[in-house]
Each structure stands twice: as structure tokens, then as C-alpha cells.
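Visitor: To start, I am sharing the structure in question, which I have written as C-alpha cells.
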Amino acid sequence: MTTEEELTAQIVALGEKVKQAKADKQPKEEWDPFLQEMLALKIQFKEVTGKEYGPPPKEKKAPPAAPTEASEKNKEKRAAKAAAKAAKEAEKERKRAEREAREKAKAEKLAGIGMDSFGDAPMVQSQCYTDKKWFQIDHLTPVLANDTILVRGSLQTSRSVGKGVFVVLRSTMYTVQGVCFQSNDISPEMIKYVAGLPVESIVDVEGVVTVPNQPVEACTQKMVEIQIKKFFCVVKAKKAMPFQIEDAMRPDDSKEADVGAYEANDDAAAPRQDGLPSVGLENRLNNRWVDLRTPANQGIFRIESMVGCLFRECLMEKGFIELHTPKLIKGASEGGAEVFTLDYFGEQACLSMSPQLHKQMACACSGFERVFVTGPVFRAENSNTRRHLCEFTGFDMEMVINEHYDEVLEVFSDLFIHIFDGINERCKKELEAVRAQHPFEDLKYLRPTLKLTYAEGCALLREAGIEQGDYDDLSTENEKKLGDIVREKYDTDFFFMDKYPLSVRPFYTMPDPKNPQLSNSYDFFIRGQEILSGAQRIHEPDLLEERANAWGIDLSTIEEYVDSFRNGAQPHGGGGIGLERVVMLFLGLPNIRKASWFPRDPKRLAP
Ligand code: ATP
């Protein structure tokens, strides 16, 4: 017969098992049998004992033994020792806190925290929108003398002198000098703060406009300076500069500019003749976000933007509209040339190397008659030259003609004259900023633009003793030489040639009506380098197929192109301009990368 104790022990043991299994998060199937067994034992317990099962009473702990006199004394001793230790710790802690508070106060004073005249401003997080007015640095002139103004800019330089500091503040391509000397209003801590701030931090400066005794030659705003009253850091520059802006904006030194052969890719940091630090092109491009801050770069890209504006302005005035062509296309837009290919949902696609097909379709086949395109053009050519990029900005134009491609050439001539005049008239400060670092001669151009035939150009080269056949392609070197000859003879840096040999032009170029070896095509040049290539295009599908066959092009690859001319297409012509080439050559820059915001070449895909 099972006793009450035995049953209790079994129930307790099973209860423990279930508890443990639950605590271990075991599945119910694991512990349910124990539970069932335990419930059965509880029923048996009632049958055996005649009472409900209750958990066994917990053993009560024996009460602590009564303290003896000796143990009481020990306890008091220990308590006194602990109290002394705690007091010592508290004193130590108080001193540490005091020291920390002193250090914090000192740091805050130096950081200007809690100061109303200098310091680190809270992070701009759109927490307020007040009626504060910030002055643009380029608007600072002596007219504002004695006015209190607020400007925001980058701290280009700071130079301590005795009890004061001189700073140069920069915003876009303009700079102004700020002066801060110890006085009743200006504490030594403020001077220390201003002088100690990392260069290129963004700062808010409040001060009084004054007219200096001598023009401030180092700044664009030479006739004013700011007597600083308040100086707050809005964003601190956190990382050491890859190079100093001052070094990156130094005027070209002839030795540095000459470095590398004509076709070289990089004018690495060659030592300057004047011994000052130089910044090589690779270093500049690797840190383009810093390099772009120089006044010359600010000028270059503001001019480049203006070229876009002038291009659109002139063509829209002449009835053109802007067309956006796809950059993802099925096949190469011009047979044979190297294209970037990519996977397009399992099919091979490529990046457009010209908006040719679509601009022709829009202009000649879709009834828009006059269109232009501005956008990226991709070339997978492994050309490491000073004038080729793998991605450049194409400014393309296409228009219908009534009789002759001269109608197109007149538009191009007007267009370039509008662009050149526009840069000279509207970008004076930008030109000055570029010239200060990269001296160049003004571009000479005639009105209307000088036109030569290809044969005339070749003859000029031969007259100068340079070998050049009328039907041979023009090498880059001969193009440059021809540019020099034309400048000498016609006093212009800008001209174009037409009637190129048919063999050196794309298959869709309209052949010359008289000489089957020539074509109705043209190239435009600035300072002896090509900036535009164009032609009258073939608008008759049969002739298009004939020419494609002559080039050995597989007709199936250009089926859609040819088909677009089968429903009635207007005679037309146009051309493609490389924006970076125009800017580079207008400004006489030695390398196209200097006219590309973030250049892409065979060796560069970042930043
Ligand atoms: P190039 O003979 O100089 O390589 P291209 O004959 O291939 O030029 P097109 O394809 O006719 O030139 O392009 C029209 C214009 O686009 C050129 O006149 C030039 O201004 C510009 N361009 C062409 N290729 C490049 C390139 N790789 N990088 C920058 N601009 C270019």
C-alpha cells in the first residue's frame, strides 16, 4: 500500500519535472505525460488519505542565534570602518565632480557655449525660422560701410596676429576678410575660439562693414572687410583636408601645366617652380567635393551651366523644342563603335552613345521639325586622352531642311556666336575667377563663322609643309596644326569645315551630290580641336540600306532605324556638340576632366 509520504514525494517530483520542462520551453508533448501522471496521483492521494492533496509544508528556518556581547562589538567595529570608508569615497567623488565641472566650464567657455558672442551653434535642424537676414558675400561693398551685417560662409583661412585674428570667409566664388581683435566686447577666449576653429568649417559671422586702408588683395571683396562682433560655428569640419584650398587655387605654374605629354591622362602633382605646394589632378578628382570649392572651379561650372542656358535660349528662340531621348537602348546607336552593355531583364541592352536615332525620328519622322537634346552620352572607348571621357554631356540638335544643309550651318553659327557672346557678357566674374588661376587668351571668333571646305583645310596644311591627303582622315595632331594655321591666317579660334570624305563619316551621312567620295558633313573646331560633328542625314530608306550595306552593317541590326523613314520623312540635318569640350576649349583648359563635374574615364568611376 502506498503511503501518504510516498505519494506526496512522487507528486512533488513530477511537479518539479513539469516546472522545469516549462521553464526550458519544451513542447507540451514532452511534459504533458508527467502532468497527467501527477493528476492521477493526486486522485489516488485523495482515495488513500481521504483529503485533498496539498503541497508539503516548507521547512521553517531556525531563528538566528541570540547575539553574544563579543559579536556585537565586532559588528560595531565593522560598521565604523565601513562608515569611514564611505565618507572617504564620498569626499573623493565630490572632488572629482568639482574638477569635472571646472573642466567642463572651461571647455564650454572656450567653445563659447552659453556665450552670446561666439561658440558652437546648435545643429541646424529646422527648429526655428526667424527673420534673420544673411548677406551674400558678393553683395558686400563700401556702400554698406558702418552697417552691421550677418554672413554665412566657409572659414577659408584664419591667421592669428598678437591679440587678434584675421579670417577669410568664402561663399560660392566670393571671399571677404574678417578681423577680430581683443577689446571690451571681444574676449581673449573668443579670439582663441576663432583662431582654433578648423578651416572649412561653416560659420555665421556678424560684424560691422568697414573700408580697409589698403585693398584686401587676397579676397574678391577687396574694398571692404568685416569687424567681427559675433562668430558662431554652424558646422565644424571634422576631417583633415586632403589638400588646402589655398594650394588648390594657386595660379598655374608653367612647369606644372606642361607636365605630361599631350595625350597623357594626369598632370600628377609635379613640383612647382616657385616651390609652393601643388595639387595634382588625380588628388583633386579623388576629392572632387573639395576641389570644386576653388574660385576657378566655381567659375568653370557656372560658365558651363550658362552654356546650357544660352544653348536652350537661342534654339527655343528659333522654334526648337527640347526632346528627352532614352539612354537605355536595344542596339548600338552607331554601328561598330564601342558601347557599354548591360543586362535588361535577360536581354542585352546598351547605354546610348548618341541620341541620333531618336532625335532624327522626332525631327524628321514625327513632325516636330526642330528639336534639341541635352543629356549624357556614353562611350566605352578606352581612350586615355585629355579630351575624351566615357560619359560626357551631349548637346545635340536636329532640324528639317528645305534645300541645303547650309540652313543647319547658319543655325549652328548663330548658336555658337550667341553662346560665346553670352559667356563674355554674362559671366565676367566667373571668367575672371578662371583666368586668375588658369590664364587664357580670349576666344577669337568671326561673325558669321569662318567656313572652309575639308579640301581647303587639307590644302592649308600642305602649304605649311604638313602631309595631308584630301580624302584621308584628319589626325588630332593635324587638327591642332590646322587650328594654328587658321588663327594665323584668319584671326579666329573658331571655324568649321564641310564636305568631309564620305569614308570617314557614319553610314547615315548624306553623300555629296557631285562627288561620290565626299559627304554633306561638317565639323566645328575651337582652338584646333573638334567640338561638333554633324551632317545632312539620309532620309530615303533605300539609300540608307545601300549605305549600310556599303559599310558592311547587318541590316537586321538597324531595321527599326530604317523603318522609321518608310512612312514619309523630311529632309534634315543636325549635329552633336560635346559640352565639356566647348567649355574646356573656350577657357583654354589643358584637360577635359577640368570641365567635367565628376569625370568618368577608363580609370575613374568615382566619386
Ligand atoms: P572624336 O573624334 O573627338 O573622338 P567623335 O568624332 O567621336 O569625336 P562624335 O561622335 O561625332 O565625335 O560626337 C560629337 C561631339 O561630341 C564631338 O565633337 C565632341 O565635342 C564630343 N565628344 C565625342 N566623343 C567624346 C568623348 N569621348 N568625350 C568627350 N566629348 C566627346
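Every residue gets a Cβ built from N, Cα and C, even glycine.
TrEMBL does not curate its annotations; it predicts them automatically.
Sequence annotations record features per position, and here TrEMBL assigns domain 'WHEP-TRS' to 3-59. As annotated by TrEMBL, region 'Disordered' applies to 48-106. The annotation compositional bias 'Basic and acidic residues' is assigned in TrEMBL to 70-79, 86-106. TrEMBL lists 301-607 with the feature domain 'Aminoacyl-transfer RNA synthetases class-II family profile'.
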Visitor: Could you give me the DSSP helix, strand and coil counts for the compositional bias 'Basic and acidic residues' (86-106)?
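Guide: For the compositional bias 'Basic and acidic residues' (86-106), the helix, strand and coil counts are 21 helix, 0 strand, 0 coil.
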Visitor: May I have the DSSP-based helix, strand and coil counts for the residues of the domain 'WHEP-TRS' (3-59)?
Guide: 42 helix, 0 strand, 15 coil
Visitor: Under the DSSP assignment, what numbers of helix, strand and coil residues are found in the compositional bias 'Basic and acidic residues' (70-79)?
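Guide: Once the DSSP states are binned, the compositional bias 'Basic and acidic residues' (70-79) shows 10 helix, 0 strand, 0 coil.
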Visitor: Take every residue in the domain 'WHEP-TRS' (3-59), average their pLDDT values, and give the whole-number result.
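Guide: Averaged over the domain 'WHEP-TRS' (3-59), per-residue pLDDT gives 82.
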